[in-house]
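A quick write-up on the structure given underneath.
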Amino acid sequence: MTRTLSVAVLGFWHVHAADYAKAVREHPDTSLAAVWDPDAERGRHAAADLGVPFVADLDELLARGDIDAVTVTTATNEHHDVMMKAASHGKHIFTEKLLAPSVDECEEILACARRNGAVLVVSLPRLTESTTITARRLIADGALGDLTYGRVRMAHDGWIHDWLPERFADRTAAIGGALSDLGCHPAYLTQLFFGARPDAVTAQYSSVTGREVEDNAVATSRYGNGALAVFEASFVTTPGAFALELRGTEGALLYGFGDERMRVKSSRLDPDAWQEVTLDPAAASPFEQWLEHIAAGTTPTENQRAAVELTRLIVAANEAAATGTTVSLPPE
């Protein structure tokens, strides 16, 4: 990159806001310039902690020529309006998931970014991790045959030990609970592994802690070839968990069941024994990929497509849970 990008943080609603601000400060190609937040008290506090100015007026901040890019970590229901403004000013955008609460809003944001030359990347970090890279390689190599079943679970104890902010229980701001936040990671991983849009989704949500939104969630996708994928999330699990299970016509893969090792049993490897698999190196992080696309002047098409399909799947799961029905998805 020929010069340092000046980046503003838009919103400290999400718990990852500080993580992205830290990434901006520590990367040699970016510098942190300012903070905006619709909650002025929260924004001023964050800006003071970071040692940068707080700007109360979003339009004023985005009109500044010295701001090249923004990170977006507002409430989910504010994503559309905030990113439409940022993209209209040609600011590059690195945003927390979900991209937006609806597919139409996602597509409107992306179209605006394209028109104005803004590079937009959604933070979908599990796509680039070594477990995902390795699992994809084994699928591509045929070690599992044709996938018939998959399960991905992510869970933590945020509402057992009260470290997850209470604002995550605001259905309007967050658009949902555990599945709409933490469950995004299992959702986009199942889509990646199965390589297609599911035909239909069902879901069961519950609230162990009695909050307005779910803190315990299981959703199931059905694919046209008969395969099933389960994606789960919980805010009420100790210890926290990331577990991956993939099963196909030739073998099975397990990760995270009691340890952090990947094991495979396959008729194409050793049909009689589980084998530990050495994990492949991780790919560049979403933040690094964002900067690479900005430097190259390219569009992160794969990331953007995954983000839109993620919103489609989460919206369908939320509808299925709310109505107690199976929700069909349109064909690709």
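Quick reminder: no glycine exception, Cβ is built from N, Cα and C everywhere.
TrEMBL entries are annotated by machine, without manual review.
Pulled from TrEMBL:
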DOMAIN    6-122  domain 'Gfo/Idh/MocA-like oxidoreductase N-terminal'
DOMAIN    134-253  domain 'GFO/IDH/MocA-like oxidoreductase'
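Secondary structure of the domain 'Gfo/Idh/MocA-like oxidoreductase N-terminal' (6-122) per DSSP (helix as H, G, I; strand as E, B; remaining residues coil): 52 helix, 24 strand, 41 coil. Per-residue confidence over the domain 'GFO/IDH/MocA-like oxidoreductase' (134-253) averages out at a pLDDT of 97.
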